[in-house]
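Note sheet for the following structure.
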Amino acid sequence: MGLSWTVPLEWGKNHSTTNPLGFFPDHQLDPAFRANTRNPDWDHNPNKDHWTEANKVGVGAFGPGFTPPHGGLLGWSPQAQGMLKTLPADPPPASTNRQSGRQPTPITPPLRDTHPQAMQWNSTTFHQALQDPRVRGLYFPAGGSSSGTVNPVPTTASLISSIFSRIGDPAPNMEGITSGFLGPLLVLQAGFFLLTKILTIPQSLDSWWTSLNFLGGAPVCLGQNSQSPTSNHSPTSCPPICPGYRWMCLRRFIIFLFILLLCLIFLLVLLGYQGMLPVCPLIPGSSTTSTGPCRTCTTLAQGTSMFPSCCCSKPSDGNCTCIPIPSSWAFGKFLWEWASARFSWLSLLVPFVQWFAGLSPTVWLSVIWMMWYWGPSLYNILSPFIPLLPIFFCLWVYI
């Protein structure tokens, strides 16, 4: 018993082809003709492909041998077959405006025309609109009353000021902003200037140091006649290949240590003058201070002082006695008393210092004249230290 099956005629109107379902390659999927539907327009499609041409291999946008000459699945149009044609666009019409270039910006209308609501802050309608909590939240900071009632506004100026505090002042105070930036910029510029000057101190002192070895002549590096000859140069600027380079580095290292020691001495003198150093003067009748195991004061210092006190004596009962730090020259007095206790010959200098301090004005004028006469040479010696004077002055004022 054999089975037979026939294709219903309703599957397609073009019954002359062997593919009644209309998927490929003889039926179009172009929506313009509603392919694979019951629309009888398919039979009237002049661009439908023929089965005999479907066996031909064509070249399209997808490579050789992949796109048949008929439209295939994408349709029969040239764009669907990958053959895109660029048509020249029509030139734009000639402008009737004879003026070229950017036209001027029109004048902005006044505020009363563009934003009439902004001119009605004093009106009754504006105050009535503020009764709405949603409108009130736009003009007053968060956290205010949201019950729908508006607190009585004393003046219109306060209302406008509160609105500006919410949305920002349209004309900020640029003077305060400028002064806030100008101060740090000036400090930064002054600090950079002092830094550049301070960096020249080692080289200046190095030049002065080496000039002591070449009295009456120009300083010349002695390493140029050694095993590694170099061109004539100053001993303060030796290249790394010069044998004098290591001596130049050693001299500048000593100079840096000397400058640091000088700054430390000045800082200690300044702190000692202001009474901020925990230095105790010697107790009368004792040669040294006793600060060994004594850590805390059981007997407070006499009087009140804003500066810290120190434990200077240790009586036999084991209690420490706190002595307040002197208000001025504590460090200098401590060093002098410490040196006098160990070097007795320093006490012989006291009368000379007292005599020098009691000289007549005539002697002081003579000293000033001598300094004026020898001033240029002293200036050449002390000029490298001039950049340190502003730093010492700032420390003296602000500490």
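Any Cβ shown, glycine's included, is placed from N, Cα and C.
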- Message: Looking at N-linked glycosylation site as annotated by Swiss-Prot, pick the matching residue from ASN14, ASN319.
- Response: ASN319
- Local confidence of the prediction over the region 'Pre-S1' (2-118), expressed as mean pLDDT: 55
- Same-chain residues at least 6 beyond the ends of the transmembrane segment (348-368) with a Cβ under 8 Å from one of its Cβ atoms are none
